[in-house]
Amino acid sequence: MLFPSMMKGLLTIVVAGLLAGSVSVKAQTVAGIVTDEFFNGIIGQSDPGCAGRNFYTRAAFVEALNSFPQFGTADDTRREVAAFFAHVTHETGHFCYIEEIDGPSFPNSQYCDDDNFPQSQYPCNPNRSYYGRGPIQLSWNYNYGPAGQSIGFDGLNSPETVANDRVISFKTALWFWVNSVQPVIGQGFGATIRAINGAIECNGGSPATVQARINYYTQYCNQLGVDPGPNLSC
């Protein structure tokens, strides 16, 4: 027989345990969400011969993540993770590509804009090319320059570092995300598409590409057990 005082203590323990459980789910860390199973489930869908198979790793992502504690703090952490990896999946073909497919064949001027402010703060090296590299395909001199300054590599003179150093590669993706995408994530997934490639894809520019991004996003939201929210398209 339990005395009233014992029942009260037991109830306190049960309630505390339930509360602790609910808090841990709500405050789950990004690294805890991006498990080996989640990460490998993405990269495992790429062709075995893809260069990215031997380049992108969950360990590199987690190491890069340590430099960006603000990632995962907007809206719902699981929803932000789903959005980030939806774009990464699309940009890299399930972590297949390290560099833009035709990037090396482009003239160096293809992604150079240093005639206008603020782009002129990051003058192009005429012997370097700033085509897409890394998980989110960082492009243009005005992204390589400040990304390098923030992360700690010479983005203007050694943009190839993004394709050679897996941790820096993930850092550039996270840098771009927290600076250019995270501020609009509360407006819905469609706003993140616009922030990444809206000039080409949104407003009827490429409906199939937009839908592909949305499909990845809803898939990951379902996988992580979170509602995708409104405003999915741009």
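Backbone N, Cα and C atoms are what each Cβ position is placed from, and that goes for glycine too.
What TrEMBL records for Glu91 is active site, proton donor. Cβ neighbour count for Glu91 (active site, proton donor) (all protein chains, 10 Å cutoff from its Cβ): 20.
Summarising the annotation, TrEMBL assigns disulfide bond to Cys50-Cys96 (among others).
Sequence annotations record features per position, and here TrEMBL assigns disulfide bond to Cys112-Cys124 (among others). Within 10 Å of the Cβ of Cys112 (disulfide bond) there are 20 other Cβ atoms, across all protein chains.
In this view, Cys234 (disulfide bond) is surrounded by 22 other Cβ atoms within 10 Å of its Cβ, with every protein chain counted. Residues or ranges marked as disulfide bond in TrEMBL: Cys202-Cys234 (among others).
Per TrEMBL, domain 'Glycoside hydrolase family 19 catalytic' is recorded for 50-72 (among others).
For 168-178 (among others), the entry in TrEMBL reads domain 'Glycoside hydrolase family 19 catalytic'. Summarising model confidence by region, the domain 'Glycoside hydrolase family 19 catalytic' (168-178) averages a pLDDT of 98.
Among the features that TrEMBL reports, signal peptide is placed at 1-27.
Among the recorded positions Cys50, Glu91, Cys112, Cys124, the residue whose Cα lies closest in space to that of Cys234 (disulfide bond) is Glu91.
Applying an 8 A CB threshold to same-chain residues 6+ apart, the list for Cys202 (disulfide bond) reads Gly190, Ile193, Arg194, Val210, Cys234. Counting every protein chain shown, the Cβ of Cys124 (disulfide bond) has 23 other Cβ atoms within 10 Å.
Under 8 Å, Cβ to Cβ, and six or more positions away along its own chain, Cys50 (disulfide bond) finds Gly93, Phe95, Cys96, Tyr97.
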